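Data block below; observations after.
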Amino acid sequence: MSSQKLLKEEHVSGLTGGSIGEIYVVTCVNLTAYVAWALLRKRYGDHSPWDVDFVIFDFLLNWLGLLLSVTIYSNQPLLLNALIIVPAGVWYIWGRRDRVKKRKELRPDFQQEKDKEVKRADKEMPFLSVYRGSMMVITCIAILAVDFNIFPRRFAKVETWGTSMMDLGVGSFVFSMGVVSKPRTDEPFGPQMKKSLKHAFPVLVLGFIRLISVKSLDYQEHVSEYGVHWNFFFTLGFLPPFVTLVGGLFKKTKIPLMGQSVIIALAYDVLLSVTSLKEYILTAPRVDIFSQNKEGIFSFIGYLAIFLAGQAVGTVILRTKLPEPTPANSKRTPHNLRYRQIIKYLTISSILFHVARLYYDGTIEINVSRRLVNMPYYLWVCAYNTFFLGCYAAIEVILVPIRASQPATPRVPLTLDAVNYNGLVIFLLANIGTGLINMSVNTLEASPAKTMVILVAYCAALSGISLVLYKKEIRLKL
């Protein structure tokens, strides 16, 4: 084993994380960037999102803003939030007079475009796209930034017990996949499983490619994260068939998706508490293929529960019906009435998940463990994501409303739309880029200036590739 590989492994080992409150404040930059983008959109709504200056603004807000939050401004997240939102607010207010003048010059076919935009917004739920895109961006940034000293160790994955931003990110990535996954159908189990296996196969292939690459190139590994051979692509790849299997097992029951998720999480947590499973995962020697990958195998149960929770939330969001008209809501648009119901659901869900997590933390005194993906971790991931989903939805309703007096403009930042268009491909490219940079640069000895140049170039490359693919309507399915 090379000394540099050993040093890099030690760099991400034995960590204890940081506070949940700080994680929330740091990741609020996602929301702040969306607010700033929405304000700029309101001022320049009749401009094309492909204008060079707009693309640059978009990239600065939704990529570099997140990068700065976990590097240079990691100790001053409130200041960074202010530096993003205050200039955008001033710029918006300063341009209100110009915006009023431009409204008088709208083209005759404007209302037709507005109707199309309303239909698209109701179908696609723009705030979901912003949420998912932001999740992918911060994930891509973190998997490389963690290898540099400029990335705080408290944000990196903990060894066993504790909370960190990257620990939350892994679970949130799975949760977000569940949110945007297709709802279950009444199709027979056999055809469903066939489709699931077909969907899982390319991702599992990527898992094997990563495994072979890591072993053959003597790349640094954090074995206690998933095991000797297991990696995150295997976790993602096995989700579709097991989700289908769970659907088949619960098909004849009336238990809702969220109930199924909680049952799986609770059953797994009981096994961790009343049997020797927890000790086996944490301390058993790695003597065979199963024990060598015990973390990845058993944590998959928790990730399955998290995915189902995300799927349950996504199903409710996409299937929320308009409330019955009343004198109190007769003046509100159907679009906003629907969003009020969604925000109400997300708020209640977030409160319940937060209360349950606090109960585990204060009464049962079981700590969060991403390595185990135990019940406190499950509750934390669900609480965080329902809270932030509600915030994204509220921002959209308040700052990105559909009104007849405004131009029919995009409702999702272009760089995030582009990332979502080829999400898994961009994630794969981020992993490849991370590997190439680690093999060509001694990340532990890089100066802060050199580090930021590398990270900005990396972000620009990923964003640029996603924009080119999106512009040319090239969707690469894995």
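Heads up, the Cβ atoms here are built off N, Cα and C, so glycines get one too.
Listed by sequence, the residues of this chain that lie at least six past the ends of the transmembrane segment (20-40) yet keep a Cβ under 8 A from its Cβ atoms are 57-58, 61-62, 65-66, 68-70, 74, 77-78, 80-81, 84-85, 87-89, 91-92, 130, 134, 138, 154-155, 163-165, 168, 380, 384, 388, 391-392, 395-396, 399-400, 413. Among the features that Swiss-Prot reports, transmembrane segment is placed at 20-40 (among others).
With a threshold of 8 Å between CB atoms, the same-chain residues lying at least 6 positions outside the transmembrane segment (52-72) that come near it are 26-27, 29-30, 32-33, 36-37, 40, 44, 80, 84, 133-134, 137-138, 141-142, 145, 150-152, 155, 165, 413-416, 448, 451-452, 455-456, 459-460, 463, 467. Annotation source Swiss-Prot lists transmembrane segment at 52-72 (among others).
Feature annotation from Swiss-Prot assigns transmembrane segment to 75-95 (among others); the stated evidence is sequence analysis.
Under the heading transmembrane segment, Swiss-Prot lists 126-146 (among others). Residues 12, 27, 30, 33-34, 62-63, 66-67, 70-71, 155-157, 165-166, 169, 172-173, 176, 179-180, 314, 317, 388-389, 392-393, 395-396, 400, 411-413, 415-417, 419-420, 423, 426-427, 430-431, 433-434, 437, 455, 458-459, 462 of the same chain lie 6+ residues outside the transmembrane segment (126-146) yet bring a C-beta within less than 8 angstroms of a C-beta in it.
Same-chain residues lying 6+ beyond the ends of the transmembrane segment (160-180) with a Cβ under 8 Å from its Cβ atoms: 15-20, 23, 26-27, 70, 128, 131-132, 135-136, 138-139, 142, 146, 154, 224, 232, 235-236, 239, 282, 303, 306-314, 317, 367-373, 377-378, 380-382, 384-385, 389. The transmembrane segment annotation in Swiss-Prot covers 160-180 (among others) and is backed by sequence analysis.
Feature annotation from Swiss-Prot assigns transmembrane segment to 196-213 (among others).
Per Swiss-Prot, the feature transmembrane segment maps to 230-250 (among others). Note on the transmembrane segment (230-250): residues 170, 174, 177, 181, 184, 189, 192-193, 195-197, 199-201, 203-204, 206-207, 210-211, 214, 260, 264, 293, 295-297, 299-300, 303-304, 307-308, 311 of its chain, located 6 or more positions outside it, place their CB under 8 angstroms from a CB of the stretch.
The transmembrane segment feature in Swiss-Prot is assigned to 255-275 (among others); the stated evidence is sequence analysis.
Residues annotated as transmembrane segment in Swiss-Prot, with sequence analysis given as evidence: 297-317 (among others).
According to Swiss-Prot, the N-linked glycosylation site annotation covers Asn367, on the basis of sequence analysis. Following the DSSP three-state reduction, the secondary structure of Asn367 (N-linked glycosylation site) is coil.
Positions annotated as transmembrane segment by Swiss-Prot, on the basis of sequence analysis: 380-400 (among others).
The transmembrane segment annotation in Swiss-Prot covers 424-444 (among others) and is backed by sequence analysis.
According to Swiss-Prot, the feature transmembrane segment maps to 449-469 (among others), an assignment based on sequence analysis.
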(Q) Please report, as numbers and ranges, the same-chain residues at least 6 past the borders of the transmembrane segment (380-400) whose CB is under 8 Å from any CB of it. (A) 20, 24, 27, 30-31, 34-35, 38-39, 41-42, 126-128, 130-131, 163, 168, 171-172, 174-176, 179, 306, 309-310, 313, 317, 336, 339-340, 342-343, 346-347, 349-350, 353-354, 356-357, 368, 411
Q: May I ask for the residues of the chain that lie six or more residues beyond the transmembrane segment (196-213) and have a Cβ under 8 Å from a Cβ within it?
A: 219, 229, 231, 233-234, 236-241, 243-244, 424, 428, 431, 435, 478
Q: Let me know how many other Cβ atoms fall within 10 Å of the Cβ of Asn367 (N-linked glycosylation site).
A: 15
Q: Please indicate, using numbers and ranges, the residues of the same chain that are 6 or more beyond the transmembrane segment (449-469) and have a C-beta under 8 Å from a C-beta there.
A: 55, 59, 63-64, 67, 71-72, 140-141, 144-145, 148-150, 414-415, 418-419, 421-422, 425-426, 429-430, 433, 437, 441, 443, 475-476
